[in-house]
Structure formats: structure tokens, C-alpha cells
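Asker: What follows is a structure written as C-alpha cells; I'll ask about it next.
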Amino acid sequence: MSSILFHQRLLSSCKDLTFLVKVHARIITSGFSFNTSITTLLINLYSSFQRCDLSRTLFDYTPNPPVILWNSMIRAYVGKNQHQEALKMYSSMLEEKSIHPDKYTFTFVLKACTGISEFEKGIKIHEEIVSRNFENDVFIGAGLIDMYSKMGDLDSARRVFDQMPEKDVVVWNAMISGVAQSAEPVKAVDLFKKMQFVCQTNPSSVTILNLLPAICKLMDMRACRCIHGYVYRRVFPVSVHNALIDTYSKCNYPDVACRVFNELRGKDEVSWGTMMAGYSYNGNFYEVLELFDCMKRMGLKMSKVSAVSALLGAGEMCDLERGIEIHECAIQEMIDSDIMIVTSLMTMYAKCGVLDKARDLFWGIRGRDLVAWSAAIAAFSQSGYPQEAISLFRDMQNEYSQPNNVTLVSVIPACAELRAVRLGKSVHCYAIRASMDSDISTGTALVSMYAKCNLFTSALNLFNKMPLIEVVTWNALINGYAQIGDCYNALEMFCQLTLAGFYPDPGTMVGVLPACAFLGDVRLGTCLHCQIIRYGFESDFHVKNALIDMYAKCGSLSLAEFMFNKTEFSKDEVSWNTMIAGYMHNGLAKEALSSFHSMKFESFQPNVVTIVSILPAVSQLTYLREGMTIHSYIIKSGFQSHKLVGNSLIDMYAKCGQLDLSERIFEEMKNTDSVSWNALLTAYSMHGEGDRALSVFSLMEKRDIEVDSISFLSVLSACRHAGLVEEGRKIFHCMRDKYHIEPDVEHYACLVDLLGRAGLFNEIMDLVKSMPMEPDGGVWGALLDASRMHSNIEIAEVALKHLVKLEQENPAHYVVLSSLYSQSGRWTDAGQTRVKMNENGLRKTPGYSWVEVK
């Protein structure tokens, strides 16, 4: 055996860097003269152990290195993602008169250009390739197609592809991959067909893997099934089956994905991770945690993807116990220090309300870099703690870490949530200075922030200046308009989107459907439903939930129920919440409660939104026992710390006659807001506890709790029930004079009722004349009730005259006046009032009462 062959085999047997260095040293000390093949092998081996510096030292000490060594060095830099170094190496190579790049050089250099998006450099290299007649080489052709595709120049990629005289599967794969990632994924499917039926080239596993992202974008279930059939009839590796699981999941068919997963032999950790990620994508968090339990029982290794999905499931279901269990597994697998896992852990703990633990995890990261800061800010922002996210953003700046695009995209939504316009504008200024404002993600986040802060002029200015706009940017504006109830502008933006040649996505439809719901326009909503079917979005569960909500709010409950009860519809907690809210919107409290029980019967766990939606139904029906049962569930689930839940419980107990329990809930709340105080004020008001309501109002003022129009309405109502005239007057005038809140018609109606009960009719008439708006039925109704109480027929007739104009079909007003005439002995007028009521086709509604039995 020759010494060269011996040394080659010896070097190839090296399994780690230490052994390789020892062998290299032994070869040098033995006096062996290095030739090109040994040097090339050493450069490649050092680069495989991620030591490009040692490869470069060896290269620099080689006199007159041939092309193969230049290529090996360029390849080493590309393999370590040091693309700039690879291009410098190529430039140095061109300066050597005796060295000429070959086709392998260009294959590696094109990868370097693609890696750092050096478009102009790539074009020059393409010109060099043409000048050396390498453009027909399949590997170089594939590299050019890949480079142009990834830089967004699909026309140039297609020209290279079309000019190639011979195309092998690698070239087809590159072209399909480029088109699959473009705005026209349907062309990838056309290429896949042409590849087989016109050019007679058999697809490889890479072809399938490159094509499936296009199927995901198209949400084309039929195409997915065709690809599945093709894969089923042939032998393909597990990676292709994993990609099918992912595609079915992203096409919103997690049940079919599960079938592929269950039938797959030789599942690897990627299979489990992909299935769990698929369930997470579709919001099936219960199934995610079931798979986690199954992996644990089988003793399988948990991958990072599996851990992230499991933590997401635990966080979304507020299952802290399970979250801690997953955390322990991550520690056992020694992946708990990975930034992706730490981020998921922070998000899980934050969503479960354990903020201290989330903070500790972040501050425990050693050598916190920009990625760690950005991840932590995103974790708090996405978990509903915008104040924490902004606080971290400020801490990050104090440590002199400059934010990047990812950081900005994480903190901007937190600014929007808190309506922190000043900070949002500061972030925008920084983005402009750092030339990040042209980034599509940053621009879209800023548009969304301005829209949520009701600064639509700024949002539109930014939108119109953006160099590149995607559907998600349009969605930000549509959602912004829909959320403030500006339905016409939301629909106008939707029309402009389609006229501009964009195709709506599911997010667009979820944004525009609430506009129809707000308008109560079921006809327009049905037209949008037809478009949803046409675009193939009906299987998207977000879209289905939005459709259920739209039909319910438009009063078409039968259509909402039809959508909800469809057999192929995979319901989630949001679907049930939407249906419960729909029943409540239509005043059907019993049906809402029945739906709540069905939800639990079908093993869905009610969340905070469910609780806040169902407690008003309990209040309306005054089902105290039902309310107490739900309260028990709230305590058991750890929801009592949520302000929304606490506020709803205060209201529910007050309406069920348990004022003492309302007070106890308020006292036990750790974090109260103005809504909580208003709920307590309302509770005192409906129970006629005027003095206590005034005490609470006074306490609000002392503690600088925000006082709004609802606070004044509640305390005025309490004064009305308790007959506290002087206090009511002071409160009413304080509202305008001290707090600069203009009273609306409800406040005037309260004061009229208060003064009317005291018989102060002259003051009432002066008040009514001074009203800046037209008095409504509430004002005149309060005056009519006061007239009956004090037998003031003259004022009663004035009140009725206005009421008949405003509420022609309400018989109660005629009944009150007739009763008043009877009390005064004016039997003829009483009889005529009754006759007039009958002539108008009005009948007195019989009263009723009920009690809860068992």
C-alpha cells in the first residue's frame, strides 16, 4: 500500500478534532511531503469539524494552491455560513493569473451569494459563468435558479431554467422550490405536472418536499390527496411522510394528518414533533398534550419541536401542572437552555400567570444576546402582559443592546395594546434611522399599531409609503377599521385589496366579517361566505368561528347553529365561546347556558372567555346555584385572578341578590380597575344602597381611580333609589365641572327620575329645556312615572305626548296615564285613554315572576 493511500485512510478514520490534529502532526514529523489530495482532504476534514481557521492556515501555507484547494476553501466557508469570506476568497482567486475557476467553484460561490442575498454580485458571477460557457451545466443551472428565486427574481430564474437544453431532477427541484415560495404557488403544481407528463422526469423525495409548501399556501386539499396517493404507491423516506403530516395540518385537516401519523411505520422524533406542531397550528391543544403523555409513556426522546408544541398547549390551556412536567422533561433531555425552549417556557409561565418564574428564566440566561432579549419581549407581549414587554424593552436599551427587526415586531404590538402612542412613535423613528421601516414585518406591525391607536392618518401614510405590501399589511388596516366599528372603511379596504390584484387570505376574512356583523347585514355576510367557499377558506377554523359570530350577530341564529353543528367542523373552545356569545347577543340566556353544559359534556375546558360570556346568562336568569357552581370551577381552574372574571362575578352576585358576596369578591381581588369599582357601584345602586355607593365613589376619587361616565351613571342611579336629591345634584354638576365629562341622555334621565320622586317638577322642566340633546323615552318615561307618583296630570300629559311620538307601540305609557286619571276621578279621560290604546292595537303585557327550584 502506498504511503499516500495509507495517510488518506488514516486521516479519514479521524472521528474528532483532537485525533485529527494528532494524526496531522504525526504526518508532518514523519517528513511526509504533502501532495494536493492530502492537503484537500485535510482542509475538508478541518472544515467538517467547524475549524475553518485551521483549514485557512493550511491553505495559506500551501505554495501555489491549485483550483481544487481554492474550491475546498470556498466550500468550507459556505458550509460554515461565512458567505462573505467565501466571496472574498473567490475575488482573491480571480486575481491569480494562473488560476481559472471551474464549474465547482461557481456552484459554491452561487450558494454564498444566495446566503447573504448579494444580488449584484450574483449577476456578475452569472456573467462570468456565461463567458466561460458553464451556463448549461446542470449543477450551475440549479444554483442560478436557486439564487434568483431566493432573491425574488423569478423571471430571471425562469429564463435560466427555460434556456437549459437538458434538465435533470435537480434542476426541476430548484425551479419548483423557487416557485413554491413565490406569490403564485399554483405554478409550482403546474411545473410538477409538466416535469412528469411532458418531460418524463420522475420526481424524487426532494421534489415532493419542495412542492408541498405550495400546497400549504394554496390550502388545496385535492392536490394534497393526489400527492399523498403518489407517495403511497412508491417507496419514499420518512421525511416525505412527515411533510405530508405537516401539509394536511396546515390545510386545516389535523384528523387526516393524524391518520398519516398513525399509519406511518418507523416514526422518528421529527414525526412526533410535526404531528404535535400540526395540532398546535389548528388549536387542538388537548391533543398536543395527549401526544406528549404518549411519548412519555413510551420513553421516547422529546425533541425541541415537541417541547415547544407541548409548552404552547400547556400555556394555552393554562395547565401549569402539565407545564412544569414538560419543563422537567426538557431539563432531563438537556434542552432547557436552548433559546427556543426558554422562550416557550417563559410564554407558558406567563400565560399561566406565573410572571415571577417567567422573569427568573429570562434573567437566568447567561450572556443574554439580542435573540434572548427579543424572545423574552415576544413572550410577555404575546401572553397578554404588554407592560412587562415594554419594561423589558427599556431594560434592554439600558444594557446598550440595539434592537433589530424581531425586537421591534415584538414590542410594537405591546405599544398598541397599551395605546402607548408616544413610545410607538419613538420605535417608528428608530426603525427609520436604522433603515428597518421598509421591512415588511416591521411596517405591518407599525400600521397595525397606529390603527389600534385610532391614528388612521398615520397608518395610511405609512401604508402608502411602504415599498412592498403583502396581504397581511392590508389585513392590519382592515382589522383596525373593523375593531373601532368603522365598517365602511373596513369594507372599502377589502375592495381595494382585491382591485390591487391581491388574493385575500383567511386573516382577511376574519378581519372583514366583523364589519358585516356590526352592520347587521346578513346579505353582505352571505356574499363574503360565498367568496370564502370560492377561495377554499371554509375549512379554516378561525374563518368558521368568524362566520358563526357574524350570523349570530346578524340575527340569523339558525345559520350560526348550522355552521356550528356541521359534522366536519372541528370545534375548539373559541367555537363554543362564539356560540355562547351569539345566544347572549340574541337574548337567549337559557340556550347559552345549555350550550355551556354541552361544551363541558364534550370534554372541552371552559376558559376565561367562556366564563366571562356565561356569567351574564346566569345574571339574567338569576340562577344563583348555577352561578355558585361556576364560581367553584373558577377557583379550581385558577381563573379568580383575572380581573374580567372578578368583575363578572361582582355583577352576577349583585343581580342574584347576594350583595355581601359581591363585596367579598371585590375585597379579595388583588388587581382592581375602574371596571371593578364601577361593578361595585352598580351593585350598590341596584340594591338601593345610596350612602354606600357615595362612599365608594368618594374612595375612588381619593385613590385616583379613573372615574368615567359609567361611574357617574351608577352613583346617580344609587342616589335616585335612595332619594338623595342634594347629593345627586352635586354629583351631576361635578361630572361636568370637575371631570369635564359631558352627561349623556341616560344621566339626564337619572336626574329627572331623582328630582321627579322629590316632586321638583319646575326644576325638571328647566333641566329638560337646557338639555343639549333631544330627550329620549327614558327622560319622558321617568317624568311620567314621577307624575303618577305625585298625581300631576298636567305634567303626565306633556310626558305622554312626547312618549307617543317616540314609542308608539309601547302600551305601558297609556296604562300609567289611565291609572292616573282613575286616581283623580277623571273616569271619562281614563276610559278614552283605554279606547285610544285599543284603537292603536296595543295590549298590556301581563306581568310574571319566577323562582329557581332545585
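Cβ coordinates come from backbone N, Cα and C, glycine included.
Just so you know, TrEMBL annotations never went through curation; they're auto-generated.
TrEMBL feature annotations, pasted as is:
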type   : residues : note
REPEAT : 66-101   : repeat 'PPR'
REPEAT : 137-171  : repeat 'PPR'
REPEAT : 268-302  : repeat 'PPR'
REPEAT : 369-403  : repeat 'PPR'
REPEAT : 470-504  : repeat 'PPR'
REPEAT : 572-606  : repeat 'PPR'
REPEAT : 673-707  : repeat 'PPR'
Asker: Apart from its near flanks, which chain residues at least 6 from the ends of the repeat 'PPR' (572-606) lie with a Cβ under 8 angstroms of it?
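Answerer: Contacts of the repeat 'PPR' (572-606) (Cβ under 8 Å, skipping residues fewer than 6 from its ends): 283-284, 286, 317, 541-542, 544-545, 548-549, 551-553, 555, 557, 560-561, 564, 613-614, 616-618, 620-621, 623, 626, 633, 637.
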Asker: Restricting to the repeat 'PPR' (572-606), report the mean pLDDT as a whole number.
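Answerer: Result for the repeat 'PPR' (572-606): average pLDDT 91.
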Asker: Short question: which residues 6 or more past the ends of the repeat 'PPR' (673-707) have a Cβ under 8 Å from it?
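Answerer: That would be 643, 646-647, 650-651, 653-655, 659, 662-663, 666, 714-715, 717-719, 721-724, 727, 731, 739.
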Asker: Who are the long-range neighbours of the repeat 'PPR' (470-504) in its own chain, taking Cβ under 8 Å and residues 6 or more past its ends?
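Answerer: For the repeat 'PPR' (470-504), the sequence-distant neighbours (Cβ-Cβ under 8 Å, at least 6 residues beyond its ends) are 440, 443-445, 447-448, 450-452, 454, 456, 459-460, 463, 511-512, 514-516, 518-519, 524, 531, 535.
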Asker: By Cβ distance under 8 Å, which residues at least 6 away from the ends of the repeat 'PPR' (66-101) in the same chain are close to it?
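Answerer: For the repeat 'PPR' (66-101), the list is 36, 39-40, 43-44, 46-48, 50, 52, 55-56, 59, 108-109, 111-113, 115-116, 118, 121, 128, 132.
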Asker: Take the repeat 'PPR' (268-302) and count its residues per DSSP category (helix H/G/I, strand E/B, coil), listing them in that order.
Answerer: 26 helix, 0 strand, 9 coil
Asker: Let's see if you can do this one: DSSP helix, strand and coil counts over the repeat 'PPR' (470-504), in that order.
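Answerer: Helix, strand, coil within the repeat 'PPR' (470-504): 26 helix, 0 strand, 9 coil.
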Asker: Write out how many residues of the repeat 'PPR' (137-171) are helix, how many strand and how many coil, based on DSSP.
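Answerer: Secondary-structure composition of the repeat 'PPR' (137-171): 26 helix, 0 strand, 9 coil.
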